[in-house]
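Enquirer: Quick one: the structure is below, and I'll ask about it shortly.
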Amino acid sequence: MLRLRRYRVFIICAVVITLLLYHVSKNSQWERLQSSTGYEKVVDPRPKSSPPKKGALDNAHKKPPTTTTSTRHRETTVAAYIPKKEPTVRIPQLKTSNEVKGGYVLPTAAPTTAPTTAKANNADAAYAQPQTQTTAAVGLPDRAQAGVSLAEPEDIHAWHPPAKNQGPSATSTIHWRKPHEWFPIPAESLIPLPSGKPKALPSVQFAFGEESPQKKEKRERRLAKVKAEAERAWSGYKKYAWGHDELTPVSKTAKDPFCGWAATLVDAMDTLWIMGMKDEFDDAVLALKNIDFTTTPYRHDIPVFETIIRYLGGLLGAYDVSGGAAGKYRVLLDKAVELAEVLMSVFDTPNRMPMLYYQWQPAYNENPRLAPVNSGIAEMGSMGLEFTRLAQLTGETKYYDAIARITNALEEFQNREDASAIPGIFPQQIDASGCNTTEAALATLKISSDFVQMQAEKAVDLSGEPKGYTPNTPKGDYAPAPSKDNEKDIEFRVTPGSRAGDAGTGSFHQIEKEVEGRAATERGRDSTTGSNNSSQSFGKVQKRDAQQTATPAPLSAKGLPVDWKCVPQNLTAGGWGTDHYSMGGSQDSAYEYFPKLYALLGGLEPKYKAMHEKTVDAVKKHLLFRPMAEGDPDILFSGKATKSSRSDRIRYEYEVTHLTCFLGGMFGLGGKLFDSPQDVEIGKRLADGCAWAYEVMPTGIMPEYAMALPCEVADDCHWNRTAWYDRLDPNASFRASQMEEYYANKAEWELQVDKLKKQEAYRLEAEEKERRKQAAIKQAEEEDRRLRPENNTLPGEEAPTKLSLPTQNDNHDLKDRDNVASPIGKRDLSGTSQVNSESTSTEKIEQKVKTLENELDLNSNSGRQSSNADASDQKPMYETIYPPEPHKPVTHEEYVAQRLKDEKIPPGFVSLNDPRYILRPEAIESVWIMYRITGDPSWQEKGWRMFEAVIRATQTDVGHSAISDVTVTAPTKPTMLDSMESFWLAETLKYFYLLFSTPDVISLDEWVFNTEAHPLRRPR
């Protein structure tokens, strides 16, 4: 019989679970949400990623693209919003790709109508204003419609450096929208482009003569090999990473560190044109039309510096080399303008200094922001060429105004006394916020301190119990403690004055205590500043979901939040007490742009010449050094200086970095533009230094970062192996003292060991005597046994007898049986024995022992062992323990030899801190510039040796990969890092190609290169 009482718990649980499953199966909330928001189900066919073919635009689908979710091995059903009206801005969607997990490719574009061209006032202008395009309707999520939840600020990480965030960020597409401008510049205050006819600048390029047939054949053969490697890299990217940022040439997949806007495609376009790969160029242009710069599924921030030099510079360079306004690729300039409009928001700060990692999503654009307090000088100062050229092409003053204000701020910083520890050079980190927050806090404290003090003096002491208070006494045996959740606490608050300069008001207030598990009551807007690699935000980012909306903060008469405080200040050092000065990473391209901007503006802006000359003077005085190397090469490198606020001394590091190799080209270019032959010669020695660093390495490739041995006197420097060894082992003197201590300890140890060995010898000699004595005793006893009666017993022993038991057939009588010995043996109870016989035997034995002792000269006092003991089985009574021998330390010579063997350090270097090679272009860049400036063919030979070494170490079957160690040689091959950054095609292979091109291809008298090697045409 079933007992309900016993099983009622199980029955209740079963009923509850059944009801829950029923309601879940009947839930139609998703269908209702789709019908209310205008979404309809679309099955994702998941086409395989492939590069676009010629004519694809003409065969484009008429339907708007749909938003899809990347999922492996199955179809997905997602929502695609059908808008009510056609958008005014064409924003195509990105399709997912099966080839890469979480990957996106470019969709097939709808046909567009090319905009008309308007001539600007500037001679080089292609148009004055971007024209409105007529496009097909594109399906986009309605970000303002109720019921559609966007990504909340809590799900958006503020800082993502390049190559970290590789996956799509959300299933619904979020697009950038032009935000409210907090700090607009009136049109009449915009800084215009310098006007007038460009000056006739000195010629930069060497006047090359006629080439011999032999030299031409050799040059063209090398040129063809360079192009073949470029075709290999481009084909691999096109096959395995089309539409993505970069190819991974070992695993044959793709990655998207730069927002997924096809960085390699955009970065390589002008290279394709220069190398004559026109069909590949057309494929790239076709794909470019579908890149949407208003959204990315890969990052919540835009790396501004990388985006400007790779994308904006790449678009402008491709536009210029393909003919500019006279060409047929107007889309390149259109896309540059599209991207520039997004990037212009980074300048909306109080001092117009840029945010370097731009939070592009609308949820982050609700409040005013500051530039970072630790801006990298290279990132902040490497925008001028791109925006200046864009202003020249479009006639839009705002683009030039944006970078002209940065230039003015840097010029003021460079000219300000005591602003930098090395006048003329900027510290690596700069506080570009423009607001002195410390001064604002001190000012508020100063104007309110008197009144606050008065309020505090009049305040009632609330620390004790109030008068008349009687605590409750528990009733009964137990009374629970009262809850403290609703208790009030006391807080002293200072309310600032309503206007600047008014005194603040202080008073005590009762506040709710914060209870664990419950959020505290909000007490105003958060006005904390941001931190590293991001702009600083003021105010609270509001959630944008439909269920909960935050009340907008009140604004002041100027349109800023009422709690906005900014005491203006100029650029200052941002190193937090320690500033670094060098021409290497995070600083390099800011200085590179000074002479190039002077040339791009036709010499009409003299401040760039002045800033360049101050920089090179400081570099020559403080940073340049000559390394001590075998053969005494006359080469130069640029080091690094560090200044701490706690010391007046500047500390130097004699570094050799690949990034610094651009400096030879900069000195050469500036020397030609500003008629400084000395700078040209310095440029040669700097470029030759990097070429030397390639040649002395085991693989023939320069490492990413190393340290060298500097000459004490640059003009009189000769190779000194002893000095080199001393730098390889900075602890040589310590090792010498260790060796002295070792020799002293070893001598003392040897004395101790000798003493113990003598003691051991004495002991062994005594033991040997004892052993011989015992052996003599045993021998005497054995001799005596042979002389004994048949029973063979010693005196006092019973003779052993055999056990014989009676049997039935036994005929012996009982008397004979009594003679059978028991197994244990009988005792002689009668006490009678043959005493005389025993005495005689004992005397004989003792006599023999004495005779043997005399013969063997044994010490009779050493004792005896038992006659039954074997001398060979005895263990020594103790064993001598010797002290351990002192450990010999490594000598100075041994240490250096081991370092040279393990690290493969060439003569002249003292360390290889980062032995990687990541396909960098800076060394070949300076080699090419030196060849074009001097016309010396030796630079071509140096460049060719560099090319062969690089291809030998980095080539894969679909491209070229960065390697982990430039010291690894055959039979071992360097480890491939499976990375081919976009600058391999954009810069490195381009410079190799131009080194063996005819001199009229991209002449330095007609073009300037941005820091990503994108050629921009100089005005004529």
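Each residue, glycine too, has its Cβ placed from N, Cα and C.
Quick paste from TrEMBL:
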TRANSMEM  7-25  transmembrane segment
REGION    36-75  region 'Disordered'
ACT_SITE  Glu306  active site, proton donor
REGION    462-559  region 'Disordered'
COMPBIAS  510-526  compositional bias 'Basic and acidic residues'
COMPBIAS  527-539  compositional bias 'Polar residues'
ACT_SITE  Asp588  active site
DISULFID  Cys661-Cys690  disulfide bond
ACT_SITE  Glu704  active site, proton donor
COMPBIAS  766-789  compositional bias 'Basic and acidic residues'
REGION    766-888  region 'Disordered'
COMPBIAS  810-829  compositional bias 'Basic and acidic residues'
COMPBIAS  830-840  compositional bias 'Polar residues'
COMPBIAS  841-853  compositional bias 'Basic and acidic residues'
COMPBIAS  857-871  compositional bias 'Polar residues'
ACT_SITE  Glu922  active site
BINDING   Thr1011  Ca(2+) binding site
Enquirer: If you measure C-alpha to C-alpha, which of Cys661, Cys690, Glu704 (recorded positions) come within 10 angstroms of the residue listed as 'Ca(2+) binding site'?
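Expert: Qualifying among Cys661, Cys690, Glu704: none.
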Enquirer: Of the recorded positions Glu306, Asp588, Cys661, Cys690, Glu704, which one has its Cα closest to the Cα of Glu922 (active site)?
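Expert: Checked the recorded positions Glu306, Asp588, Cys661, Cys690, Glu704; minimum Cα distance to Glu922 (active site) goes to Cys661.
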Enquirer: What is the three-state DSSP composition of the compositional bias 'Basic and acidic residues' (766-789), stated as helix, strand and coil residue counts?
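Expert: In the compositional bias 'Basic and acidic residues' (766-789), the DSSP-based counts are 21 helix, 0 strand, 3 coil.
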Enquirer: Measure from the CA atom of Glu704 (active site, proton donor) to the CA atom of Cys690 (disulfide bond) and give the result in Å, rounded to a whole number.
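Expert: Cα-Cα, rounded: 11 Å.
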Enquirer: List every residue in the same chain as Glu704 (active site, proton donor), at least 6 positions away in sequence, whose Cβ is under 8 Å from its Cβ.
Expert: Thr657, His658, Asp914, Pro915, Arg916, Tyr917, Ile918, Arg920
Enquirer: Cβ distance under 8 Å to Cys661 (disulfide bond), same chain, sequence separation 6 or more: which residues?
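Expert: For Cys661 (disulfide bond), the qualifying residues are Leu686, Ala687, Cys690, Met702, Glu922, Ala923, Glu925, Ser926.
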Enquirer: In Å, rounded, how far does the Cα of Asp588 (active site) sit from the Cα of Glu306 (active site, proton donor)?
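Expert: Each residue's Cα considered, Asp588 (active site) and Glu306 (active site, proton donor) end up 14 Å apart.
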Enquirer: Between the active-site residues Glu306, Asp588, Glu922, where is the Cβ count within 10 Å the lowest?
Expert: Glu306
Enquirer: Please report the number of other Cβ atoms within 10 Å of the Cβ of Cys690 (disulfide bond).
Expert: 28
Enquirer: Take the Cβ of the residue listed as 'Ca(2+) binding site' and count every other Cβ within 10 Å, whichever protein chain it belongs to.
Expert: 26
